[in-house]
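According to Swiss-Prot, the protein carries these features:
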BINDING   Glu36, Lys44, Tyr48, Val88, Leu123, Asp290, Ser331  FAD binding site
Amino acid sequence: MSRNELFDVTVIGGGPAGLYSAFYSGLRGMKAKIIEYQPMLGGKVHVYPEKMIWDVGGLTPISGAKLIEQLVQQGLTFHPEVLLNEKVESIARNEEGLFELHTAASGVHLSKTVIVAVGGGILNPQKLQIEGAERFEVSNLNYTVKSLQHFKDKTVIVSGGGNSAVDWANELEPVAKKVYLAYRKDALSGHEAQVDQLLNSSVSCFFHTEITKLIASEDHEVIERVELTNAQTGEVMELPVDEVVINHGYERDTSLLENSRLDVTRVDDYYIAGTSNCQSSVPGLYAAGDIVHYEGKLHLIAGAFQDAANAVNSAKRFIDPEAHKSAMVSSHNEVFKERNRELVKKMFV
């Protein structure tokens with residue numbers, strides 16, 4: 001399809017909120033497009049593919065990877081156009097009242113409405129500030145834990161003390177040979193239950209301590225030891241390790257709204273201030289998922305689904321004020337008639 005083709009709705013972001021927005025747009029007969037910055041759909045769930053997710057209504061415990069698979073399958077039900085590896089750099093409105101989405105790779109995309117579903121935004125991990133550290137990113141310097149199996153029977157040090165660092169240390173503890181955690185402050189700042197679990201486990205913690213040097217193997221290909229320095233005592237020690245995991249927080253890319261020629265009201269200089277129907281301060285522009293802020297907002301995947309449906313319904317009524325307030329429920333929706341016939345056949349084969 002041509003990028004200048006007009007769409008009813010363009011969804012920025014291909015995570016849970018974006019994928020459900022695409023699905024629900026199809027349910028409402030809207031021509032939809034998803035533009036995703038990453039090379040794959042699924043959003044932040046990719047950060048924890050092996051973790052079990054318990055709080056999606058109607059689903060028994062499911063791994064992040066499996067949830068992504070199902071979200072993508074559902075999101076593509078009505079064949080929205082999908083663009084991957086595309087960053088929307090700004091949003092504007094032309095003289096005809098149409099939205100123009102400017103992307104780095106393919107120029108301008110036209111849409112009657114827009115749903116911003118970028119979650120926490122484009123998050124870049126804060127890198128370890130040690131000269132030459134980047135060369136170990138292809139070997140054993142990690143900024144995420146994608147596979148627990150990768151760390152099986154290894155000695156691992158986690159640097160950081162926030163929610164993700166504590167969570168990773170807890171996840172690795174029963175899998176790895178030994179887990180250490182180094183944190184520059186005197187107390188961990190993760191969730192209380194997770195911190196208690198960590199402090200009562202076999203994980204060895206070094207407080208007031210930072211990684212100050214990476215010591216390479218003889219071939220200089222992997223980290224063999226780390227130098228730890230205690231900021232209070234000045235004590236320096238070396239620790240043999242197989243893997244180094246860094247979680248020092250993330251740098252959030254806020255350029256999308258900052259570069260846009262639209263008066264979008266924001267909260268805390270990032271989140272889009274919205275209504276319970278996910279309407280922003282700009283008519284025709286909506287937000288769903290973690291990016292939107294309103295009273296009573298639920299920051300769960302389940303909440304993202306409701307946001308997505310509300311945003312799509314609002315977009316539909318923006319285009320056609322006479323349209324129904326919501327889509328017909330799927331169990332009685334004619335759009336699924338033939339699909340249901342095929343599914344029923346398979347059930348009784």
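Cβ from N, Cα, C; glycine included.
Recorded features from Swiss-Prot, shown on the structure.
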residue	record	Cβ within 10 Å
Glu36	FAD binding site	25
Lys44	FAD binding site	17
Tyr48	FAD binding site	19
Val88	FAD binding site	24
Leu123	FAD binding site	15
Asp290	FAD binding site	25
Ser331	FAD binding site	7
